[in-house]
Structures are given as C-alpha cells and as structure tokens.
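Let me begin by presenting the structure, written as structure tokens, before commenting on it.
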C-alpha cells in the first residue's frame, strides 16, 4: 500500500461528503442529523502534541489550510500514543485494525521507508507533509491504489461498501460519535443506483475529485 497516499484518505467523512448538489431520490429517516461533517473538524494544528521529534506546525503551507488540517487529523489517528511521531508499533496497530491479517515486519518497514526516506523507523508530521506535497502532482490516481483504499472499507470483500462497514471504520479510527444513520446518509450521497451500497465504480467517481481538490 502507498502509505502517504492512503493516510489522508482514511477519514470516512472526507471520502463520503457529497460533491454534487443533486438531491437523493430515496427518502431518508427524519432522524438524520447534519452534524456528521462538523464532528470531523475538531482536530487542529494546535492540538498536535509536540513530542521530542515532532514537527513545528510552521512547516505546513499556510495557503492550504483545509487540506493540511485534514492531514494533521489523519496523522493524529495513527499516532495513538500522541508523542508526535508515527512509530513502527503505531503503524502496525492501525493496519491490524483495518485489515484481515496483521502486517509483516517487512511490510511495515517498507511503509515507513516510503514516507521517512531513511532508517529512522518513525514518521514525523513533516515527513508526511513533505511526501504528500511531493506526490500531489503525479497525475491521475491509479486504479490499483483506489482499489487498496476501497478494500479498507469493504470488510467482507463482496465488492461494495455498506453503511455498517463504514460505521465500523469510524470506530476503528477512533471516531465513535458517528451513528449508523449518519453512515447511511453518507452512503446515499454517492450511491449511484440507489441500492444502499457504494460499489467500486461509485467509489472511483467519488474519490478522484476528492483527492484532486487540494491541487487547485
């Protein structure tokens, strides 16, 4: 998995926010609330603990606030012990929660080197920001890469993402406030055929503009 490309896409609220003003044709329960997007914005630069090798927030470009706020939030999801760096243990724990099998030591090492660029054995926010900035102009997203992100959500590997699977990912990454009904609403915003699921084609149509937003 291309770690730098995937970290910033793990937030379900980022992925499943609608890009269209078209209304959803099927009716939705009146109990749906609009606070799904607001609860994803409680992270901020100032809340990132400055550990011994943590990154000064000043390294982040000031003209890309929304994107880098989301990058900081993605970093904090993985830095579970809040020491300002993503260690081998942090990364292995995240992958174990999101996948069916725990990663091998070799896989974790490859992911760390991909972002860190050396043998430090950990990833700072600066490493991640530099890596994402360096890959932002590499062109269109590869289908293989999209498939890897899709499979994080498609837990039962049936080729589509359900509201229950989306809700599970929220719990895994530490956002337990999002309800199943809110997940159903998010699914509805991108569900092309109205079957209550997001297939891979729906996912691709949603992801490409979402991942290119910060380029403009």
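Heads up, the Cβ atoms here are built off N, Cα and C, so glycines get one too.
The feature region 'Disordered', as given by Swiss-Prot for the ranges 18-58, 59-99, sits at 18-58. Under the DSSP three-state reduction, residue 83 (Ca(2+) 1 binding site) is assigned to coil, being neither helix nor strand. Sequence-ordered, the extra residues of this chain that approach the Ca(2+) 2 site, with Cβ no more than 8 Å from the Cβ center of 154, 156, 158, 160, 165, are 153, 155, 157, 159, 161, 162, 197. When the binding-site residues 79, 81, 83 are ranked by how far their Cα is from the Cα of residue 160 (Ca(2+) 2 binding site), 79 comes first. Excluding 191, 193, 195, 202 themselves, the residues of that chain whose CB lies within 8 A of the CB mean position for the Ca(2+) 3 site are, in sequence, 160, 190, 192, 194, 196, 197, 198, 199. Fewest other C-beta atoms within 10 Å: among the binding-site residues 81, 83, 165, 191, that description fits 81.
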